[in-house]
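Peer 1: Okay, handing you the structure first.
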Amino acid sequence: MESGTVLLESKSSPLNLLHEMHELRLLGHLCDVTVIVDYQGVREDFMAHKAVLAATSKFFKEVFLNEKRADGTRTNVYLSEVQVVDFASFLEFVYTARVRVKEDRVQQMLEVAEKLKCLDLSETCLQLKKQMLESVLLELQNFSESQEVEASSGPQVSVTPSSKASVPAGEDAHSNGLVDSSDYPIERLGNGLSPETPSKKCKEKLDKKKDVAKPPFPKIRRASGRLAGKKVFVEIPKKKYTRRLREQQKSAEEAAKNDKCPQDQSPDNERVEAEPASKSEACPASVEREESLQKVEGEKEEEEGKDGEEKKKSNFQCTVCDKAFLYEKSFLKHIKYHHGVATEVVYRCDTCGQTFANRCNLKSHQRHVHSSERHFPCEMCAKKFKRKKDVKRHVLQVHEGGGERHRCGQCGKGLSSKTALRLHERTHTGDKPYGCTKCDAKFSQPSALKTHLRVHTGERPFVCDECGARFTQNHMLIYHKRCHTGERPFMCETCGKSFASKEYLKHHNRIHTGSKPFKCEVCLRTFAQRNSLYQHIKVHTGERPYCCDQCGKQFTQVNALQRHHRIHTGEKPYMCNACGRTFTDKSTLRRHTSIHDKNTPWKSFLVIVDGSPKNDEGQKTEQPDEEYASPKLSDRLLSFGENSHFNNLLEVQGNVPAVQENSSTDTACKAVVSQDALLTTSISALGELTPQTVSMPAHLPSLTNME
């Protein structure tokens, strides 16, 4: 028996698929295209998936199918004709099939959909506009009917041959926003016909003329009666709407001329203004709307003429709607609320590059910080300041005893405010109320906790423009930049040495003062720097966190591990420029330089060799300068005083083991040097080289004094 087939269909799968793709885009996962939207200086990058964009937009589909790129590289698509806010809404619609926008932006979204060829979004916008238009037309129809009912139930207008239609006392004809009914087209009556009884044919033609002149979508701003004070807006593009009304108005005027009744051709010169009593109920709506439209269009033409004059005087002009503005603030507000372009104005100081929230703060900064003018003097001591608040602070702290009012009771330090004093007192009490939620660290200030949290999050917001190095704190970036500029603004007054940071100078001054404020609680040994104390404490605790991956030896400091690694690799990056010998660390080189000259600073002998290779063949490390040649043994001896005793030195064939300059328990690594290095290796080797009849100079052991 054959089994039938069944259909497995999930109604929620499409929605779930869209939801998951939307989540992936928000997290930036699996995105293979970056859409860069740059519109009138406002730029933003959007990450997305090619498959989703190509499936919903024919524009992106054509771009992706025609592109030629290398595998593994992300595609960049540049859009300059779409606003950032509109493309963000477009992306949300593509990934969620729905987006919420303001009513006045529906037309913009329709234009974006047409540019990007997104049929789904285009159909959605058109359907929504149709619904909006139908609702507005229905409201206008109800409004028109209510106006006709009110007009029919209102008082009758008396007609006189010599004047226009009168208005009831105390009521302004234009107070309700409608055009006066006296402007209604007049009828010329003759052949003995009285004004009160016009011919039936003329009345019929008059009705036709009114019907033709009545626009289908009248634009009425305000209404009288029950709806007075309410505004009715029709969401139709202005240019198309006004053009359509003008065409209908012209056609209505032509029809009115062609359909004039025979009585209009009468030679009778008597002109009578009349309004048939039988038509008094049907006249108000259509004719008044036509008159109101003519009035509105006349006002628009006057406004356009005024706008043309203002544009000549204006400094800022909108490229979207050609509206001109005299001030930048008004222009920015216009493009933000009417076109959705949220421009980010950056107020940056040209001198120091600092940015500010508004123009006022920038002007204040330029006026007070970069200006040497001091217009605000102190009345007590005549000292001048740049700002008034600086004078107030000066008077408060200096003349009114502000320093004594905020002075620490334990150390006597004066603080500028109570808040600063309270924070300072925590250094004495040890109070640390701000604790980290991810570790046991505690801090006395919230700013210190915020900086500490970057250790857990990995955030390094401060980036160096030169090398791309990132830092957790701004002052660390400032110190780092001085490595590139070579700036050392902090100089020691004792020895004249300069430093890049104030902290380094503070540590250096302890060399001259002999201050060692950090004491070990175990052995009572004192140190000049806190970091040195931390390293020393590991001696008591036995902690050796740094382990060699080749021999397993452990160290308390990372730089000690780095020096130890050079024993395995044979790297000797530090060379003595007097004898050409190389060393694994600077401390050994410093001790070695005392052989040559104790009075000369050891750094004058230092030469750093980049990428020093391992010396497998017993030759010295390669010199950094190709023209530099290692001097011969006899030449090197003659370079020192009283070395004439060694003129008869014998050359020794072969190589001898050299003394290790680094004390280490690892005896597996041996270094082999040539006979040119015998002089500075061991005293015993020199004893073999020297003839027995010649006595060794007394100063020679100092030349070969090693570690």
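Yeah, the Cβs are placed from backbone N, Cα and C, and that goes for glycine too.
A quick note: this is a predicted structure, and the numbers were derived from the prediction, not measured.
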Peer 1: Which candidate in Ser13, Ser612 appears in Swiss-Prot with the annotation phosphoserine?
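Peer 2: Record says Ser612.
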Peer 1: Ranges 94-116, 462-484, 669-691: which does Swiss-Prot label zinc finger?
Peer 2: 462-484
Peer 1: Of 58-80, 518-540, which range does Swiss-Prot call zinc finger?
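Peer 2: My reading of Swiss-Prot: the zinc finger range is 518-540.
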Peer 1: Can you identify, from 30-52, 122-144, 490-512, the stretch that Swiss-Prot calls zinc finger?
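Peer 2: In Swiss-Prot, the zinc finger feature sits at 490-512.
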Peer 1: In the same chain, which residue numbers or ranges, 6 or more beyond the ends of the zinc finger (462-484), come under 8 angstroms Cβ to Cβ?
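Peer 2: Those are 451, 454-455, 500-501, in sequence order.
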Peer 1: Using DSSP, tally how many residues of the zinc finger (347-370) sit in helix, strand and coil.
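Peer 2: Taking each residue of the zinc finger (347-370) in turn, the totals are 10 helix, 4 strand, 10 coil.
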Peer 1: For the zinc finger (518-540), what's the mean pLDDT in this predicted model?
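Peer 2: Value for the zinc finger (518-540), mean pLDDT as a whole number: 89.
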